[in-house]
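To start, the structure under review is shown below, and the notes come after it.
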Amino acid sequence: MEPNFGLTGVLTQKVPNRYAPRQPIVELISSYTRYTIDTTPPRKRDLGIVPLINNLGFSNWRLHHSGLTGLRGEEIQILKYNLWLVIFVALGTISTAYGLAVIGSTVGQPNFYTYFNLATAGQPGYDHTTNIIGALNGVNSAGAIAGCIFQAWSADYYGRKRTMQIGCFILIIGGALCAGAADIAMFLVGRFVAGIGAGILACVVPIYQAEVSTPETRGAMVCVTGIMYAFGYSLAGWVGYGCYYMKASDPSAQFSWRFPLAFQIFFPIVVLAGSKLIPYSPRWLLSKGRRQEALDIVKRLHKSPADPEDTKARQEFWLMEKQYEMDAQMSFGHFELFKTPANRKRALMACVLMWGDQFLGIFVMTNYGVLIYASLGLSGSIPLLLNACWTTLTIIGNTWTALFIDRFGRRKFMLIGSAGCITALICLCALTASFLNTTNKAGLNAAVFFVWFYIFWWCFFIDATQYVYVSEIFPNHLRPYGVALGLSAFYLASEVTLVGAPVALNKIGWKFYLVLIIPSAFYWVIMFFMFPETKGRTLEEIGDVFGDNLHVASHWYNASPEEKARMAEQALIETEGGIVREKGYRGAAANGAADVEVPQEKIGAVQAENATVPRV
C-alpha cells in the first residue's frame, strides 16, 4: 500500500510502518507554505500531494549549490503572494460561472414569467417559453465565443493583465443591462454583452495563473479557477433560492430575478478595482522584450527566506528566456496554430477536450436542473433548493481536485471523471424513460439520485482539470490563441446543448440524454488514445511531449552532465545580482574568459547525484 499524504491539520496522513518515521508533508511558516517531500526511497514511485518533478536535471546541482536539499528532499515552496495573486484574478471567473448559471434560478422565479408574459410548464404557449429560455442561454454562449476570439488578440497585444481589465468592464456593462431589462430584447442584448466579458475572463485567467505558477504547483494553482467556477454556480443557486419566496404579484417581486442578475457585476468590480496591484505575466513581458521587468516579477513570485540569492527564480527565468529566443525563430502567421503536426495535435486536443466536456451535459444539468427536477415530479421551492445544494457540492469537488491533481495527473482524472459521468447519464436516461410521468416515487427518486451521482464525477475529476490542461498544452507564443480555440469550442458546444435542451426535454424527454451519451462515449475513447500526461513539467518542457522541434527541454534532456552544469552556471551568471545581462556577458566569475568554466567539483556533484538519485 502506497502512503496517502494529506495536508497536515486538514487531511489525515496515512503512513505504513515501513515508511516511518516521516516529517509532516505540509508545514505553514511565516511568509510561505513549505511542501516537504519525503526523503525515504519508496519501493515504487513516491506520490506526494505535489509530485517530485524538477526533471530539468540542473535542479539537482542548483539545490546543492544553493545550500538546499537534493532532489529527494527538495522543499517545494508556494509564496502566499503567489497564492493570493492566483485567487484574486480568479474572482472574475466567479461572475463568469454565476452569469452562466443564474438563468437556472431565474427560470424558477414565478415573477419572471409574469413580468415577461411567458407561459409556465403545462400552460398553452410553453413552447414559446422554452424557445426564449434557450435563446437567453444561446446568446450568452455566442457572446462568450466572441470574447474568446477577442482575447486571443488582446492577451498578446495588450497583455494578460489589461485583457482581464477589459473583460471585467464588459461583464459589468452586460450585467447591468440584464438587471435593468425592460423587455426580452434588452435582456438578450445584456446576455450577449455579458457573454463577451465572460468569454474573455474564461480564457485569460487560467492563462495568467499558469504563467505565474511554478511547475510543482501549477495544477493546484490553475484549479483555483475551477473552484471559483464552482463557487459562482453555487452562489447563483443560493441567491435564486433565497429570492424565491417573494410572491409573483408583489409590487417589488421583480427583485426576485433582477437582484440575482445584478449581483453578477460585484466580483468584476472588485477585480477591476484591485487589478492595478497585480503584476504583468513575466512570459508576456519577455515576449515584448521587457526582460528586466520579467526577471523582477519572477523573483517576487519565487521569493523565500530559503533562497536569498533568488537562485530558483533566476534559473527559471533563464529557461523562459531561452525558450522565447527559440520562439522568436518561428513564424507568427494567423494560422501558426495549424502549421505543424505538434500544433495541429494541440489544437485538435483543445477542441475535443472542451467540446467533449460540454457534451457530458454539465451545462444542461446546471442551467436546467430546476426543469429536470420539476419533470421528475418535484415542485415549489424544492427544485431550487436541490439545485443550490447540488452546485454547492462542486466547491468541495474542485477543492479536492486542486489538492490531488499534481499527485495523480490530469489524464487519469479526466478519464475517470468522464467514465463516471457517462455512467450516470445512462442510468438517468433509463430511469427517466421508465418512470417519467408515472407515480412511481422510488423510480423518480432514483433518477434524482443519479443527477447527484453525476455531479460527483464531474466536480471531483473534470471541472477544474479541463482548465489546467487546456492552458498548459500550448507553447508560450500560441497559448492565448490555443486557449481561445479550446474555449470557443466549449461555448459552441454549450450553444448547441443549451439552446436545444429546454425544447428537447419538453418534446422528446428521455431521448435527449442519448444525444449526450453517444458522443461522450466516442470522446472517452479519443481521450484515452490521444491525450498525454503533462503533470510535473514546466510550460517550456511540455513541448517535448508533443515533439516540438524547437524547445528548451529537448536540448536540456539530451545534454551531458557537464553541459547541464555549464548551462546552470550560465543561467546564474546572466542574471547575476538580479540584473538581466546582455548576451555574451560572462560575469565576474568568468574573469574575461571566452567561455564559462565550471569548477570540476560542481560537475562532479551533478554526476554523482544523477548516478545515485532515482528519477521521478
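Every residue gets a Cβ built from N, Cα and C, even glycine.
As given in TrEMBL:
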- 85-535: domain 'Major facilitator superfamily (MFS) profile' (DOMAIN)
- 81-103: transmembrane segment (TRANSMEM)
- 132-153: transmembrane segment (TRANSMEM)
- 165-182: transmembrane segment (TRANSMEM)
- 188-208: transmembrane segment (TRANSMEM)
- 220-241: transmembrane segment (TRANSMEM)
- 261-281: transmembrane segment (TRANSMEM)
- 347-376: transmembrane segment (TRANSMEM)
- 382-401: transmembrane segment (TRANSMEM)
- 413-436: transmembrane segment (TRANSMEM)
- 442-462: transmembrane segment (TRANSMEM)
- 483-504: transmembrane segment (TRANSMEM)
- 510-531: transmembrane segment (TRANSMEM)
Review point. Do any residues of this chain, six or more beyond the ends of the transmembrane segment (188-208), have a C-beta under 8 angstroms from a C-beta of it, and if so which?
Key: 89-90, 92-93, 95-96, 99-100, 135-137, 139-148, 150-152, 154-155, 160-161, 163-164, 166-181, 222, 225, 264, 268, 281, 467-468, 470-471, 479-480, 483-484, 487, 490-491
Revision key, fill the gap. Given the transmembrane segment (165-182), its same-chain partners at Cβ distance under 8 Å and 6+ residues beyond its ends are 92, 95-96, 99, 143, 147, 151, 154, 158, 189-201, 204, 258-259, 261-262, 264-265, 268-269, 271-272, 275
Review point. In the same chain, which residue numbers or ranges, 6 or more beyond the ends of the transmembrane segment (442-462), come under 8 angstroms Cβ to Cβ?
Key: 230, 357, 360-362, 365, 369, 372-373, 376-378, 386, 390, 393-398, 400-401, 413-414, 416-421, 423-425, 427-428, 431-432, 434-436
Exercise for review: Would you confirm whether the transmembrane segment (413-436) and the transmembrane segment (132-153) meet the contact rule of 3 or more C-beta pairs below 8 angstroms, pairs 6 or more apart in sequence?
Suggested key: no
Review point. Between the transmembrane segment (483-504) and the transmembrane segment (347-376), are there at least three Cβ pairs closer than 8 Å, leaving out pairs fewer than 6 positions apart?
Key: yes
**Study point:** Overall pLDDT of the domain 'Major facilitator superfamily (MFS) profile' (85-535), taken as the mean
**Key:** 86
Exercise for review: Can you tell me which of 261-281, 347-376, 382-401 gets the most C-beta pairs within less than 8 Å of the transmembrane segment (510-531)?
Suggested key: 347-376
Check your understanding: Where among 261-281, 347-376, 382-401 do we find the most Cβ pairs under 8 Å to the transmembrane segment (220-241)?
Key -> 382-401
